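For reference, the structure discussed in these notes is given below.
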Amino acid sequence: MNLLIKGARPYGEDAADILVRDGRIAAVGEDLTATGAEVVQAAGLVALPGLVDLHTHLREPGREDAETVETGSRAAALGGYTAVHAMANTDPVADTAGVVEQVWRLGQEAGLVDVVPVGAVTVGLAGERLAELGAMADSAARVRVFSDDGHCVADPALMRRALEYVKALGGVVAQHAEEPRLTAGAQMHEGDRSARLGLTGWPAAAEEAIIARDVLLAGHVGARLHVCHVSTAGSVELLRWAKSRGVQVTAEVTPHHLLLTDACAEGYDPVFKVNPPLRTDADVEALRAGLADGTIDAVATDHAPHAVEDKETEWASARPGMLGLEQALSVVVATMVETGRLDWRGVADRMSVRPAAIGRLDGHGRPLAPGEPANLLLLDPAARSVVDPAALASRSRNSPYAGRELPGRVVATFLRGAATVLDGKATK
Amino acid sequence: MKRHLLEAADLDRADATLVLDTAAQIDQALAGREVKKLPTLRGRTVVNLFYEDSTRTRISFELAAKRLSADVINFSAKGSSVSKGESLKDTALTLEAMGSDAIVVRHSASGAPHRLANWVRGSVVNAGDGTHEHPTQALLDAYTIRRRLGRLEGVRVAVVGDVLHSRVARSNVRLLHTLGAEVTLVAPPTLLPVGVGSWPAEVSYDLDAVLPKADVVMMLRVQAERMNASFFPSAREYSRRYGLDGRRMGVLGDDAIVMHPGPMNRGMEIAAEVADSPRSTIVEQVGNGVSVRMAVLYLLLGGAPS
Amino acid sequence: MQYRRSRSDHSFNDPSSEAGKEAILARSSEPALGASSAPGTTTLLTAADVTRVVDRMAHQLIERAESTREGDQTGGLADLVLIGIPTRGAPLARRLAARIEAFSGTPVDVGTVDITLYRDDLRRRGVRALEPTTLPEAGIDDSVVVLVDDVLFSGRSVRAALDALRDVGRPRAVRLAVLVDRGHRELPIRADYVGKNVPTSRSQSVKVHLTEVDGADEVLLADHGAGQGDRA
């Protein structure tokens, strides 16, 4: 089946038609025609390569009441994603070839995005001994990213071994950087607000200490390291230093850490409880700067659906995490594009090209050019809308952006030439 | 007044003064009376929703409500639907459906009263939430200081002890500042929160340097189990550096008073001879608590439901 | 905030709040005489009238006092306790006591009883700041209490005061003295001593100004449409 996208602006640049044939981009140019092709009118819309998320919690298996591979895939497609990495902290934990293959297969069945399972680093996320990383890498799921996300691989010796071991698999360890001894009982960023609100503080140093340790380890053993959800100005500085020293480290930042601060905790509404916690204005500024200059490689959602009862509760009993897939691009437009820090090629780089490279994903993060897989999205950059959690495709409602007006609307998403989203609605 | 009393910052100076004045008038009106009951809140229902054991606070609120002729329901988490897993929200909605006009809540989670206030139409009074605040304790402390010293403006108050985990300290710092007093927090650095510098209070690590200038010394309860988390090396060392004993009491000014929100660890943060001295207002604080809570309930509930 | 509004936000023509007298409180810092020149306002009692009326009431209290105890040389005045209902009943009670002492040579006990916590209209009116309650050291048991108020209107304030008295002691008898009776009772209550009876309509308000509270003595009758005081 052929597809002709008329008048879109690739990377927000000059308008062009995009012809898609057999799942690949056949031509990009002016006044293209194709008999029998389905025509999508895209005048004024920005065309970008399909987004790639390095950090998604799909909750299946285990918490299908909060999200499933299918509902999460739909949310991802609506957000402009064509590939998402599904985190390993499911129940059972994705620490065997069997579980990662199950998740991978569920993603294939849903058919809305490529669901790429992340494998656990340690058995049961317990941080004690390595999971069978090779078996997961060799499985149908072809796991390349390994993470105990939700937990830090805190044991330095174990972390060193993990970094070394995945070198043979072309893999990368994605570290949830949180020194657990410094964050026992932690509820929010440790600072003026935590002092006043009486919520146990999560010090920036607990993240930075692990990043500092891990970049030294990664440099020492010559392995790739990826740092999940960087949240502090100090972390950005450490990453900048490590990169300047040639350490193979990459890092991601979440949309919420680019936009929100610990001021959100004031009303004790746990929809704003997340790990790592929302930080200060100065941290937000440093994260935006780090993303702009490439110190931070990628935006990753840390999309974390939670059932209502896990959020409509006391702050301390609520589970940390917030939705992100459907608003990620809008938040990046608001915080990076409208502020002039990134152009559309920059957005494509941080949300598609680099995350695909970090995850060693073939067929994603490719340029909008003839011969490439037709994974792309069309965005109306002028549209603005107020986020209504009830209207989200995710099975959960814990969006921190509820009631907030955000720019940009994903009009269409194509996965290998097939529309997964058209006119802002999922096709299945 | 706002509809709820969730934290000391809910009270501006006029509100806080009104509470204290009202408590004083109530005290005066009831002084020496045989019938210590007023008909003011007849037909209103006050629920004491206690997720933490706190017999003294619950009794104080219960007495306050009863003296204003409100109906009082005590709902403690132990042995109730809560222990069977009912959520705070469901409990709140249940109590509201039963017609409660006010919920007095004690909870181990900071911010739980704020959550409750989102879910119910009636008034919510924070009777202590986690390590956040305990605003009626601060009100009764301010009331006690004003009765003893005749003023609050310019009064120098030393708050000594585990500030980090103390809701009493948080409420007192805010309220006493609102009322014009000058607060100095005295604690080992491990028991002061990061961010304490943004509070309207001075900070000192040296109790002996602060005492001679203090009009009021407010001792906070220090739990010995903090020792196990290395907040301090030993109970003995804590007591030696930050405990109020007879020698330290001796350097206080003639009119200075010693306060403690209770329950006390005698021999830990306060020596028996200090707790039982004429400077001590500890028993007085308990009595004042009832008057202040009557004032709060009257001011929150007496009004027309708007 | 409700308590701040409460003194001025109730309707003058609603007798159930005994309005009209408290409403003046909110403007007590203004020169009281300014009000008398306002359109639709007439002076019921001048300062000299107030003095004369208080004197007369003091005489009446002396005359009607009865000895009930053997050996009482005061004609019953020793048993008398004047209890003012705040705000303006309190200074009025003190004035009456002073005049009684001046005329009879016998000091009379004075006190106040705050009725705020006994009102039946809290739900409708919002909370108010409390006024002091002060009782004679000897208490009021077996005494003859004379409740003193400035204006008698619906009778609800007096009802509240009676409830309050019941909780503080057991007087032998309770009487009522008011400076102005303006009618429109809603309860079976009447005054034993009245300074001046004033026929009014419900839409009018009676304003008593006393030097101790307002800076001057006078009693005014004001017509009200939907004007001030009707924000409730």
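Yeah, the Cβs are placed from backbone N, Cα and C, and that goes for glycine too.
Because the structure is a prediction, the values reported are computed rather than measured.
Among the features that TrEMBL reports, domain 'Dihydroorotase catalytic' is placed at A:46-233.
Look at TrEMBL and you will find A:HIS55, A:HIS57, A:ASP149, A:ASP302 tagged as Zn(2+) 1 binding site. Remark: A:HIS55 (Zn(2+) 1 binding site) has A:HIS85, A:MET87, A:ASP149, A:ALA174, A:CYS228, A:HIS229, A:GLU252, A:THR254, A:ALA300, A:THR301, A:ASP302, A:HIS303 as non-local neighbours, by Cβ distance under 8 Å and separation of at least 6 in sequence.
Secondary structure from DSSP puts A:ASN89 (substrate binding site) in coil. The Cβ of A:ASN89 (substrate binding site) has 23 neighbouring Cβ atoms from other residues within 10 Å, across all protein chains displayed. Annotated substrate binding site per TrEMBL: A:HIS57, A:LEU58, A:ARG59, A:ASN89, A:ASN275, A:HIS306, A:PRO320, A:GLY321, in sequence order.
Look at A:HIS229 (Zn(2+) 2 binding site): DSSP puts it in coil. Sequence annotations record features per position, and here TrEMBL assigns Zn(2+) 2 binding site to A:ASP149, A:HIS176, A:HIS229.
Marked as active site by TrEMBL: A:ASP302.
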A:ASP302 (Zn(2+) 1 binding site) - helix vs strand vs coil (DSSP):
coil
Taking the Cβ of A:ASP149 (Zn(2+) 1 binding site) as the centre, how many other Cβ atoms fall within a 10 Å radius?
26
If one measures from the C-alpha of A:HIS57 (Zn(2+) 1 binding site) to the C-alpha of A:HIS176 (Zn(2+) 2 binding site), what distance in angstrom results, rounded to a whole number?
14
Cβ-centroid neighbourhood (8 Å) of the Zn(2+) 2 site, A:ASP149, A:HIS176, A:HIS229 excluded:
A:HIS55, A:SER147, A:GLY150, A:ALA174, A:GLN175, A:ALA177, A:GLU178, A:CYS228, A:ASN275, A:PRO276, A:ASP302
Which of A:PRO320, A:GLY321 has the fewest nearby Cβ atoms, counting only those within 10 Å, among these binding-site residues?
A:PRO320
Just to verify: the residue among A:ARG59, A:HIS229 with the fewest other Cβ atoms within 10 Å, which of the binding-site residues is it?
A:HIS229
Please classify the secondary structure at A:HIS55 (Zn(2+) 1 binding site) using three-state DSSP.
strand
Tertiary neighbours of A:HIS176 (Zn(2+) 2 binding site) (same chain, Cβ under 8 Å, six or more apart):
A:SER147, A:ASP148, A:ASP149, A:GLY150, A:HIS151, A:CYS152, A:VAL153, A:CYS228, A:HIS229
